[in-house]
Amino acid sequence: MTDTSSDLQKYGVPFYGAGWIPYNHIKSKLASQEKIEEDKKEEKDPTPSNDDEITTPLNYVVLAGGGGEGRSGIPNAIVVSHVNFTSNSLSDQPVVKHETGSDLPYRMTVHPHGDGIICAFQQSCRLFEWKESEGNEVHKLGVKVSEKVLIQLEDVGQQLALTFNSEGSVLAVGVQDGSLRVFKWPSMKIVLNEAQAHSSVKNLDFSCDGKFLVSLGSGLCRIWDVTSSKVVASLAKGNDEVFAFCRFSQINDKNPHLYIAAVTDYGGSILTYNTTTWKRIRTSRVVREAISAFNVSSDGKFLAVGTVGGDLFIINSANMRVQMMVKKAHLGLVTALTFSPDSRALVSASLDSSARLTLIKDKTSSGGMTWMIILMVLLAIAVYFMKEKGIIP
């Protein structure tokens, strides 16, 4: 159960958020921009360019955090790390370290189709865009402040939750004061504006088809119909439960689930809800410590849980049993978890300034093969003894 097939790197920034970068989408956008620039240059200097350059597929994660407004010497920054699946490692140095001055990026969300990153600071949100870095021959990915100003998200207080839908066409924002707003992206036309959704909005997530938005407070979870902007269900906590995180199952089938990670008197539990009736169908106590981070893999097979003690658990969603565990994955509490798009890896981040890459071992197929081999051996033994006794010729 315990697994050590992971790599830890420290980057000198206490992290609050993490996300996998959609590099293929970004590469296409940057290539389109570069093509326009090259076409303009060719009008003046028709020198042929090398369009047949062979490139290796690259994987990146972006992390955000910092030391806050004080003069602690700890920077506030957006950090990009390269993921190497061949060596199962993160780059020992950041590919990008974009400092944000005295502003701490406390929350962040990555646009799924490459439009950039939105970071939540103390009073406002800011959009950062990807750029092509000229100083690195291998990693040509950079970060810059966007010229697009998110006027609707300025001077509105601390935003505790930010998320895009899977298509990147809708953005939801939850504020510390309990207000919830949903915008069309990139127009920022508001489609839902609820001033008192909760006492404080802690977490948000869209269903895979984008029809529903779940918003979470400490004691109440609300399900919103995105089209009508109406509440279709309200889910209340149990007596000893404090809601912490919410995620829809990303399996786009007939019976997707809603998961809520809750802190209880006995540790951490995952609550499973039917997304048609909105009834709770299972309560599973999974860890003994309080849950400090939670996420679901894109294929819906795995749930990831990080604890205040720095432990990391990967749980099989089919039976809610721990499939992998990394004890003391981080020295500080785990603050963020993000699965790779193909669900084969997990990156975790912590306030101890570390990020860890963990490869996920799917034991389902190997376990089934093991039982098949055992059955074949037992069958062979049975046939042998039956022949010895003359039961069969």
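Including glycine, each Cβ sits where the backbone N, Cα and C put it.
Sequence annotations record features per position, and here TrEMBL assigns compositional bias 'Basic and acidic residues' to 33-46. The domain 'Anaphase-promoting complex subunit 4-like WD40' feature in TrEMBL is assigned to 163-242. Summarising the annotation, TrEMBL assigns region 'Disordered' to 33-56. What TrEMBL lists as repeat 'WD' is 327-357. What TrEMBL records for 368-386 is transmembrane segment.
Across the domain 'Anaphase-promoting complex subunit 4-like WD40' (163-242), DSSP helix (H, G, I), strand (E, B) and coil residues number 0 helix, 41 strand, 39 coil. Only residues 6 or more beyond the boundaries of the repeat 'WD' (327-357), in the same chain, are considered here, and those with a CB under 8 A from a CB of the stretch are 2, 6-20, 22, 59, 61, 63, 65, 81, 83, 85, 88-90, 292-299, 301-302, 304-312, 314. The DSSP breakdown of the repeat 'WD' (327-357) into helical (H, G, I), extended (E, B) and coil residues amounts to 0 helix, 16 strand, 15 coil. Model confidence over the domain 'Anaphase-promoting complex subunit 4-like WD40' (163-242) is summarised by a mean pLDDT of 96.
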